[in-house]
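Participant: Got a structure for you, written out below as structure tokens; questions coming shortly.
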Amino acid sequence: MALHLSWVFVFGILGNAVSFMVSLAPLPTFYQIFKKKTSEGFQSIPYVVSLFSAMLWIYYALLKKDAIFLITINTFCVFIQTFYIVTYFYYGPKKEKIVTVKLMLLFNVFGFGVIFLATYFLKNPSLRLLILGYICMAFALAVFVAPLAIVRKVIKTKSVEYMPFTLSVFLTLGAVMWFFYGLCLKDMNVAVPNILGFIFGVLQMILYAVYKNHPKKTVEESDPKLQLSDHPVVVVDVAKLGSNVNAIIPNSTNSNNGGNNGGRTEGNAFSKV
């Protein structure tokens, strides 16, 4: 029993440490936004979804009562994602501010409110935790599938411009830590999504090794159908799962240096469990 608890502690601490660093990955993007005094060219949805994910996992961990490390990392994520959203909102054009408010109402007010009301008042605590766990796991799996858009883009363009190797390594390490944390707790809602996260993380590192020295090729040159439109491809991060959803690709119409830096910084973040 003591050995079991010690491994839970070890993987919980390591998972928190890795997820903490991944959660800070968007900072260079927001530094560019601060310098340009505008968030035009970036989207708020990754941060709104990250906040929603963190809220879900805190709720789940509080009901479970023995998942303190899920609470610590996701509490930090609530604060950091709120900071990102407030900063984005402050510097965003009026149209994007309206979109951000609508997203917040959809995910963080209506979405979370419906899940809370549908589960909290169930008389059977075990059933409540079971249903909420399935919701969290389904959301986490959906988030981990998001990087497929980036994988396809890398293969088509033969460029790893939007898939930083260091971030891929940390995301993979995070998936490993949270998988073993969930395994030690015998909580498959935490462990299972991170299997997929690990697979996609390894796949991204393999693609990086294959294409890192390949001559850059634009999306338009490789496949006109993949041209970036006014609607950027969004890649989300769960720590997570809770900790996070944090990656965006800037609009092609805003291909200035600041926008490109933001895209490269967060090109493949997932969420953390």
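Including glycine, each Cβ sits where the backbone N, Cα and C put it.
A TrEMBL annotation is a machine prediction, not a hand-curated record.
The transmembrane segment annotation in TrEMBL covers 6-33, 45-62, 68-91, 103-122, 128-150, 162-181, 193-211.
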Participant: Counting Cβ pairs closer than 8 Å, which of 6-33, 45-62, 68-91, 103-122, 128-150 has the most of them with the transmembrane segment (162-181)?
Facilitator: 6-33
Participant: Taking the transmembrane segment (193-211) as reference, which of 6-33, 45-62, 103-122, 128-150 has the most Cβ pairs under 8 angstroms?
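Facilitator: Stretch with the highest Cβ contact count: 128-150.
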Participant: Looking at the transmembrane segment (128-150) and the transmembrane segment (68-91), are there 3+ C-beta pairs under 8 A, with each pair at least 6 apart in sequence?
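Facilitator: In this chain the transmembrane segment (128-150) does not contact the transmembrane segment (68-91) - fewer than 3 Cβ pairs sit under 8 Å.
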Participant: Please give the sequence-distant neighbours of the transmembrane segment (103-122): residues at least 6 beyond its ends with Cβ less than 8 Å from one of its Cβ atoms.
Facilitator: 44-45, 48-49, 51-52, 55-56, 59, 85, 128, 131-132, 135
